[in-house]
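What TrEMBL records for this protein:
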TRANSMEM  B:12-32  transmembrane segment
TRANSMEM  B:59-77  transmembrane segment
TRANSMEM  B:84-100  transmembrane segment
TRANSMEM  B:106-127  transmembrane segment
TRANSMEM  B:139-157  transmembrane segment
TRANSMEM  B:189-215  transmembrane segment
TRANSMEM  B:236-259  transmembrane segment
TRANSMEM  B:265-282  transmembrane segment
TRANSMEM  B:287-306  transmembrane segment
TRANSMEM  B:318-339  transmembrane segment
Amino acid sequence: MTVIGAAPLPRHDGAPSLELVGFSKRFGALAALDDVSVKVNAGAFHALLGENGAGKSTLVKCAMGYYAADEGQILLNGREVAITHPRQAHELGLGMVYQHFTLVPNMTVLENFVLSRDHLPAVIDWAGERRRLRDYFATTPFAVPLDTPVADLAAGQKQKAEILRQLYLKRNLLILDEPTSVLTPDEADEVLSTLKALTQARQLTIVTITHKFREVNAFCDTVTVLRRGQLVDTRPTRDLDNDTMAEMMVGRRENRVVVERETRAPGAAVLSIEGLSVADHVGQLAVEELSLEIRAGEIVGVAGVSGNGQRELVETLAGQRHAEAGRMLVHGEPYAATRAEMVRHKIACLPEEPLRNACVADMSVAENMALRAFDQPPASPDGVRLKRAPMRDTALRLIEAYRVKTPGPNAPIRALSGGNVQRAVLARELSSDGDLLIVANPCFGLDFAAAAEIRTRIVQARNRGAAILLVSEDLDEILQLSDRIVVMFDGKLALQADANRADVGAIGRAMAGH
Amino acid sequence: MQQALERIAVPTLALLASAIAFGLLLAVYARVDPLETFALMYQGAFGTWFSWQNTLTRAAPLILTALCTALPARLGFIVIGNEGALVVGGVAGAAAGIATSGASPLVAQLAMAVAAMVMGGLWIALAGALRQWRGVNETISSLLLTYIAIALMNHFVEGPLRDPSSLNKPSTWPIGDANMIGTIPGTDVHWGLVFGIVACLLAWVVLRFTTWGFAMQVIGGNPKTARMMGLDVGRYVLLACAAGGAAAGLAGMVEVAAVHGRANASLAVGYGFAGILVSFLARHHPLAIIPVAVLLGGIGASGGLLQRRLDLPDAAVVVLQGIIFVAILASETLYGRLLPRKREG
């Protein structure tokens, strides 16, 4: 039965072209987009560059129908289309992969894929769906376990699942919002080169929002740069070098202060991990008899593909998870992650996804900045009374020193952008001049200016003699910052090397388990 | 600012909606004039000095039992075992009163209060401990503990503590007139009201102006972060549950030492369950509990007048309470949607 009057939406096989003409969007007084026009050719791998707040996300959300643009037309294959709802975008073959994951965490991969089908029958033939999906995964360059709840997948696997789902739903124009921020370089290359091959075969058009010049240079053919809601330019990648792109993004050349890594001999051991075993949430050993020592004034980088026990290791050190066996020593004393020990040994922690792991989203910026010291002077003269005024003064000082962009110290921290949440947490954790700093993926999802700043602060802490454990899925970050590099694979250390003698090939092989 | 407005607007809307629903029920089913009914309810709750005293007397135990839900709610726990904590508190209070009969009234009253608060505190702390170390849902366990509490009360009232002269309604021995805590001078309202108000003020001061309250807010907001900060989550869970249970236990002691003079089935008449409603209406805020408890106490107090004048059943006001509870729970979904918010760019 057909509904009279509902004309079928145009749907094209093969890669479509997309033209966004004259897009403007205001949020109150803020012009998020001001007359931006972008043309994406059929089969292009088109990069959208810009700093945080440049309007990239707003632009693609307008194109996908999540926001109603104040002005602007969308031409798909040269024909004007109206997209007022994401469902229309989906029917036209437009799909989006977000920086933040959109799969339902407590459902399995299979259930998520079936759930997102456009026309779901009332009775689902699970055996058939499973067979179809398994056959489909056999044709894709990477796959994800079908029956694992998405919450249990590592970040890299989640992102793969997100991209696979879009392809499975036969979307032929994909908008990727920082798709590789959780992937290792090899994984990123694997994903991107697969996508690149699909664009070259004219099966797919891709618009990607990214901060990584390496990926732009390697995979993208065209680059559009936005700055403060305005279009700077669209140019072929081959006409651009990194300096030019950076200049287009930030407008002027900033004096990037590169922190000198002081050459210093490492001091005494601050953290000793001895034979540590940690179970994951289903009770399987995620960390197995791991031993590692970190000395004062050195950064030990833990490289590895996500899901090899890094998260469990960091959570154990942070006090969020209990060890099954083994022990941890800080300054030679047994460490059980109590508040008294954290204060005495000056332990600081920068976990990944700080809003979820290191903040109370509903509490204010000032309160979140006080989480480490609210029971010590000046916030509390005696450990019992709580004084709000010194808390706010401390917060104002930290907001200023760490350039946290916030409406004020009393704004709830969830109102801040990701980079500013990370800065606020960094301010709290570093302001006590910690002796031991545990850092996990500190620059996840940040633009390069914010990432550079945070890395600078970490190196500064090292220069003043802190012992730092840096767990990161970004190998470049590890190579750039570490004094010593270890690779974690399957819950064990697969390789240990001094950073200046590190062989990247050997590290890559260790990460892959060879 | 918007949030503060919402915190007041949403419960007000829910109350209004419940009043309309109750009014429709009255008009359609009971065939009485809703407006006249509401006017009578006002009369019965707040119209005269007599009705005010009746209202406040009913509000006193509600204030205390509401704290039993409100304090653990700070940690993200939903405890609904208020009735059970009240009952064990009442029985323990009566037992202490009987044991200390002959001592000076002050000693006996203190012994009753301490015994009631310790028992009530342990009762709810048990639910907290089961959740913290055994993963048992605290809502279910505290509710089920209520039935155990009532069974225990029946055992003591009909067995070891039974006064043989209580024939129709088995009761414990009386605690003695000398040990009753009496009324606030110049009124018929017993001292339980003052206990309740003091307890709420104390809870507010602790939650707002101490590091303990701050730590509880952190634990309730994000337990993972709390652990990263090295906070002893288990200890806070036990303490908050125990403090809430102690408040409800004290309500039981007040019922014994100010109203009935002995423990019997009259302890379990629903003050504990109504306390859950008060806490939710007050959004678990200790100061808001006081006016909300007075409002609910007033609704309860007006039941008699409705029965006499309009020939409505006794349970009519309980129906209103139920409607309010459903409306309040449903209104939880309105937060963040009622008023337009600035969107993030």
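Using N, Cα and C of the backbone, Cβ positions are placed for all residues, glycine too.
Counting Cβ pairs under 8 Å to the transmembrane segment (B:189-215), the stretch among B:12-32, B:59-77, B:84-100, B:106-127, B:236-259 with the most such contacts is B:59-77. Listed stretches B:12-32, B:59-77, B:106-127, B:236-259, B:318-339 were compared with the transmembrane segment (B:287-306); the greatest number of C-beta pairs under 8 angstroms is found for B:59-77. Note: the stretches the transmembrane segment (B:84-100) and the transmembrane segment (B:12-32) are not in contact (fewer than 3 CB pairs below 8 A, sequence gap of 6 or more). Counting Cβ pairs closer than 8 Å and at least 6 residues apart in sequence, the transmembrane segment (B:265-282) and the transmembrane segment (B:59-77) reach three or more and so form a contact. With Cβ pairs under 8 Å as the measure, the transmembrane segment (B:106-127) is packed most heavily against B:236-259, out of B:12-32, B:59-77, B:236-259, B:318-339. Residues 38, 281, 310, 312, 316, 319-320, 323-324, 326-328, 330-331, 334, 338 of the same chain lie 6 or more positions beyond the ends of the transmembrane segment (B:12-32) yet place their CB under 8 Å from a CB of it.
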